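Participant: One structure, pasted below without further comment.
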Amino acid sequence: MATATVAIVGFCTSRVTIRGESRNTHVLKSPRLNNPWRAINANQFKIGSRMMSVKTKAAPDSISDKVSESIKNAEEVCAGDPVSGECAAAWDEVEEVSAAASDARLKKKEKESDPLENYCKDNPETDECRTYDN
Amino acid sequence: MAICTVYTPHSLNTHLGFHQKQQQQQQQHHHFLFYTRKPNNNNNNNRRVVNNSEISCSADADKTVVIGLAADSGCGKSTFMRRLTSVFGGAAEPPKGGNPDSNTLISDTTTVICLDDYHSLDRTGRKEKGVTALDPRANDFDLMYQQVKAIKDGVAVDKPIYNHVTGLLDPPEPIKPPKILVIEGLHPMFDSRVRDLLDFSIYLDISNEVKFAWKIQRDMAERGHSLESIKASIEARKPDFDAYIDPQKQHADAVIEVLPTQLIPDDNEGKVLRVRLIMKEGVKLFNPVYLFDEGSTISWIPCGRKLTCSYPGIKFSYGPDSYFGHEVSVLEMDGQFDRLDELIYVESHLSNISTKFYGEVTQQMLKHADFPGSNNGTGLFQTIIGLKIRDLYEQIVASRAAAPLEAAKA
């Protein structure tokens, strides 16, 4: 209990210093809901570990580019010497970025779908995830 | 959350219970040391001090249990991890507020770290030197050993992060000692020092045919990939895989082998699977699962008068065997479950599965019906191994709690 209180106070006061807003408003409602830019702002100042980081959406596309680039590169490297360490390393990179691309696809899909649905996939027994027949 | 019990010669019935965070707990140990007869100088190693004194404490009872999971990239490690953490209850999530590309997963009981974080060469470094990530030269086993040992001893570490998106090593993240630490990746059983830290180890052994089928599923949609590129990648990595990854399976306490089905002649679709769970005999706190009669050789087709199955049906076999010179028990399932009653029927005929209630395996499989393999032996055996690990963990905790009690009585 004590730790939780400390965390809230610390969390709010540090935000107050930056925005100079009253503490209560922050406790009662998250400013991020109405002012999403504030999340970015807060992130720059590295406030509180609770803040979710804001990530650009470009990631999956750039990984896709990396996959096709790495395949082209591997084909080129191996054309010269198909049993060299360089060839193996090049195809290993293909495997690595392909796995990363697959992960990114999954993450993107999860992000785009209903967060409650995602949560309930892993926690179907919780109250908010129960469904009733009637 | 931990309970600490102190037995001193003066007050054998002193019983202190408190709930503290881990760091605070360690300080409490120092505190208690003055209680005992001889003050110990070795203050920076709390565990050992506690072990030698009359204090039986949470630090020991809470000592991190370390599990190793080895498999090649794209062979189902993450699915297995999700099933395992689910058995312990609560979802595993990346560390909050940390690097969004962190490979770590944290749940209430379990922390899963990815051993790629111990790459000593980043993507560019490997390219320049012409070594794959499978090659031990691309990995820092000294650091891996030091950090896993530290966590097992209850000390938090700053673990590097290998960023799979950029291929670079990112600034480290703090890892606090959890109740259960899972180290998953290419080499958890490669270095004998790391291997000796493992309380239980699992190897996912995916046959080439199935690996190919899985990677087609994963990659074909990706621009630039073709059947040729997928094949070329598997082939080019194979020499290093055979040299450095595959041999680890001889050290595993449990191996899950995934092979093409034998129920459909010449099947190469890779949709129906034959999965073998190979369990080492004589592993402390691990009693292999069996079918009907422990130690006998049994072939079982559950589909018949009582249970109707659809094509191609389900076939089980069980029996003793030898694996790299070790005595093992092997449970095999070929085919897939189509309906709920098939799964519950099978579960009710397996013994030693360490469930806490009737139908727990089925419940876990249904809970994650959307995970790959939930209708076949991969999901079944991963779930069972998850339950066995929970059982192992609970036995370790119970034995630690019981040992000092007996010592106090004596």
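Numbering starts at 1 and runs along the chain as it is shown here.
Quick reminder: no glycine exception, Cβ is built from N, Cα and C everywhere.
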Participant: Going by TrEMBL, tell me which one of A:C78, A:C120 is disulfide-bonded to A:C87.
Facilitator: A:C78
Participant: Return the average pLDDT for the domain 'CP12' (A:63-134) as a whole number.
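Facilitator: Taking every residue of the domain 'CP12' (A:63-134) together, the mean pLDDT is 84.
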Participant: Check each residue in the chain of A:C87 (disulfide bond) that is at least six apart in sequence and keep those whose C-beta is under 8 Å from its C-beta; list them in sequence order.
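Facilitator: Expected: A:A74, A:V77, A:C78, A:D81.
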Participant: Checking interface proximity: list the disulfide-bonded residues among A:C78, A:C87, A:C120 whose CB sits under 8 Å from a chain B CB, in sequence order.
Facilitator: A:C78, A:C87
Participant: For A:C78, A:C120, A:C129, listed as disulfide-bonded residues, tell me which one has the smallest number of other Cβ atoms within 10 Å.
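Facilitator: Fewest other Cβ atoms within 10 Å, among the disulfide-bonded residues A:C78, A:C120, A:C129, is found for A:C129.
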